[in-house]
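**Q** Let me give you the structure first, and then I'll get to my questions.
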Amino acid sequence: RKAFRPVINNSIPTEVNISFTLSAILKVDAQLQLMTSFLWLNVIWYNPFIRWNPEECGGIGKLSMTTENLWIPDIYIQEFMDVDQTPTSLMAYVNSEGRISYDKPMQVVSICNLDIFYFPFDQQNCTLTFGSFIYTVEDMVLGMEKEAQEISNTSLSLIRSKGEWVLLSIHQSEQQMTMGTSQYDQIIFYVAIRRRPSLYVINLLLPSGFLVAIDALSFYLPAESGNRAPFKMTLLLGYNVFLLMMNDLLPVNGTPLISVFFALCLSLMVVSLLETVFITYLLHLATTEPPPMPLWLYSLLLHYTSPRKCCPTAPQKGNKGLDLTPSHLPGDLSGPWMTLCPATDLKEPEVLARKMPSPGETELNGCPESARAPQEAEAQKKHLVDLWVQFSHMMDSLLFGLYLLFMASSIITVIILWNTWHVF
Ligand SMILES: *[C@@H]1O[C@H](CO)[C@@H](O)[C@H](O)[C@H]1NC(C)=O
Ligand SMILES: *[C@@H]1O[C@H](CO)[C@@H](O)[C@H](O)[C@H]1NC(C)=O
Ligand SMILES: *[C@@H]1O[C@H](CO)[C@@H](O)[C@H](O)[C@H]1NC(C)=O
């Protein structure tokens, strides 16, 4: 009478012990929030109506029987989201005490609350809740056949898949679910899995990092050459194509940290392109029609570049030329400002000093050769151009520094966020 729960006294619940072995994690679908795994479910219970004396039956201690002849507890997994494709006519072992052990293989497509924020360094905690459809606690109580630790260890040693996901551990807790007036016994297993990030690190993070590094290094291309902007534009284009191609690898729902990282890389590139445009504009302005330089800017320039400056220019600073002591070696004068004056100044500080006292000659320019009257306007303009060029280079260095600072801080922030998850 397999239609009825086999029990002698109907007010005594059937005790059903379950355990399982997880043998593969086949797929985790972040969009549908599904985990597909493969497991062997083992269900054990007593049937008090099956009993024999092994001595009378030729020492047979246990028999296999088809499940069609037995009452089977209806254990199901609550998170199950697919039709059960388990073959129906399976066998079960029955021993002489009436203890029935029933194994069935299951491909479990279970719903799992996936948090992809830390993708691709994420860990997921999927639950498998075993319970009965119809039997309440008065009729069926669930127990554990093995400790969760044992289940975890056998699964870890048996697991076949070397795919994207690694099984970390399996934990268990027991709970009763209340629905209306009836209570159902449940056993909840927490399956902790971790993604192997190497695929994503190699395909997503490294190329991004390289492109941003090249973008940062391209600041060393001279701004005057006009190569910098096209170079950066090509990089930006390449990065866009890269993002388009790699879009398939990203989870589609939610905003993982990696998307923020990509957006950050892209904006760094855009910002650096804008900076290049700005500097190019500034240089163009400086070389074609330099506007008069505001005094504050001028003093700022003087202040920041005075140790490298070769031409004392303002009348009140005329004695600057005297500062050119022999300690000012040519090596000290590297950088774009070196072109400010003909090299004669550097070599003949005493000439400069001798000419200083005559105000007519050095009122606006300390360069002795350009002090002659016909060339004065020309020289003045050239000087202004030089100042603006100097200013552009200063701005370039400053913005490059800010760019590096922003890049370093944001990337470190992202990495720290990723690492906090790992510590956990
Ligand atoms: C069934 O079990 C309950 C509780 O253990 C007990 O009170 C009752 O007498 C039993 N009934 C029979 C018929 O044995
Ligand atoms: C279920 O397991 C418990 C201990 O874990 C044990 O006492 C009980 O006999 C088991 N029941 C069956 C039906 O195997
Ligand atoms: C999984 O989640 C459950 C409850 O949400 C928690 O008790 C358990 O510790 C988590 N396990 C892991 C490995 O994070």
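A Cβ is built for glycine as well, from the same backbone N, Cα and C atoms used for every other residue.
In case it's useful when we look at the structure, here is the feature table from TrEMBL:
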- 2-197: domain 'Neurotransmitter-gated ion-channel ligand-binding' (DOMAIN)
- 199-221: transmembrane segment (TRANSMEM)
- 205-318: domain 'Neurotransmitter-gated ion-channel transmembrane' (DOMAIN)
- 258-283: transmembrane segment (TRANSMEM)
- 398-418: transmembrane segment (TRANSMEM)
**Q** Checking distant contacts: for the transmembrane segment (199-221), what same-chain residues at least six beyond its ends satisfy Cβ-Cβ under 8 A?
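**A** Residues 119-120, 164, 227-228, 231-232, 235, 238-239, 242, 246, 249-250, 258, 261-262, 265, 268-269, 272, 396, 400, 403-404, 407.
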**Q** Can you work out which residues elsewhere in the same chain, 6+ from the ends of the transmembrane segment (258-283), have a Cβ less than 8 Å from its Cβ atoms?
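**A** Long-range Cβ neighbours of the transmembrane segment (258-283): 119-120, 200, 204-205, 208, 211-212, 215-216, 218-219, 223-224, 226, 228-229, 232-233, 235-236, 239-240, 243, 250, 388-389, 391-392, 395-396, 399-400, 403, 406-407, 410-411, 414.
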**Q** DSSP says what for the domain 'Neurotransmitter-gated ion-channel transmembrane' (205-318): how many helix, strand, coil residues?
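**A** Tallying H, G and I as helix, E and B as strand, the rest coil: 91 helix, 0 strand, 23 coil.
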